[in-house]
Amino acid sequence: MIGFGWLEALLRVGRKLFVKPETQLYPEQKPKLYPRARGRIVLTRDPDGQERCVACNLCATVCPVGCIDLAKAVADDGRWYPEYFRVNFARCIFCGFCEDACPTAAIQLTPDYELSEWRRDALVYEKHDLLISGEGKVRGYRYWSVAGKAIPGKDKGEAEHEAPPVNLKGLLP
């Protein structure tokens with residue numbers, strides 16, 4: 001017994017021949033990006049032009065694939081800054097956890113998603129590649145004016161409404 005399924009398939013293909021294709025030609029037609037699209041990681045500066053990053057290492061800790069590497073250094077005024085800051089975009093999954101974990105809004109994700117390179121080692125970005133001249137998405141935030149600096153002449157426990165630190169060795173028998 002011969003069915004007519006082949007005729008139905010032929011008619012279906014014939015109808016699709018005259019319909020506009022849904023495929024977008026990528027380099028000529030860019031896809032629509034949504035406002036919260038996550039792309040390349042950048043390091044921002046505060047309004048004074050200083051680096052916002054305090055090298056707290058929260059971004060590297062929260063990263064699920066471990067693509068962020070940094071080392072802390074201390075400036076003459078006691079301010080922490082990253083001696084080096086390295087992001088391996090070959091491993092990055094652009095989850096945005098690093099942006100959420102950053103207490104100073106220093107690390108931000110931009111909508112730049114075109115990161116293709118011929119060599120894999122070219123996808124390892126150093127601090128000078130990541131640092132931008134502007135403030136990014138968070139404008140006017142000065143972390144160092146509200147936190148992070150030692151008060152001259154006041155040690156721990158000497159500020160107003162602050163209890164002195166507990167001596168743990170004094171609690172031992």
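One is the number of the first residue shown, and numbering goes on along the chain from there.
Any Cβ shown, glycine's included, is placed from N, Cα and C.
Averaged over the domain '4Fe-4S ferredoxin-type 1' (41-73), the predicted model has a pLDDT of 93. The annotation domain '4Fe-4S ferredoxin-type 1' is assigned in Swiss-Prot to 41-73.
The feature [4Fe-4S] cluster 1 binding site is assigned by Swiss-Prot to CYS53, CYS56, CYS59, CYS102. A helical conformation is recorded for CYS59 ([4Fe-4S] cluster 1 binding site) in the three-state DSSP classification.
As annotated by Swiss-Prot, [4Fe-4S] cluster 2 binding site applies to CYS63, CYS92, CYS95, CYS98, with the evidence given as sequence analysis. Of all the Cβ atoms in the protein chains shown, 20 others lie within 10 Å of the Cβ of CYS92 ([4Fe-4S] cluster 2 binding site).
Outside the domain '4Fe-4S ferredoxin-type 2' (83-112), and at least 6 residues removed from its termini, the chain residues within Cβ reach (under 8 Å) are 33, 37-44, 51-56, 58-73, 120, 123-127, 130, 136-138, 141, 143. Look at Swiss-Prot and you will find 83-112 tagged as domain '4Fe-4S ferredoxin-type 2', backed by sequence analysis.
Swiss-Prot lists 153-163 with the feature compositional bias 'Basic and acidic residues'.
Annotation source Swiss-Prot lists region 'Disordered' at 153-173.
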### Query
Rounded to the nearest angstrom, how far is the Cα of CYS59 ([4Fe-4S] cluster 1 binding site) from the Cα of CYS95 ([4Fe-4S] cluster 2 binding site)?
12
### Task
Would you mind listing the long-range same-chain contacts of the domain '4Fe-4S ferredoxin-type 1' (41-73), meaning Cβ under 8 Å and 6+ residues beyond its ends?
79-93, 95, 97-110, 125, 127, 130-136, 138-144, 148
### Query
With DSSP, how much of the domain '4Fe-4S ferredoxin-type 2' (83-112) is helix, how much strand and how much coil, in residues?
5 helix, 9 strand, 16 coil
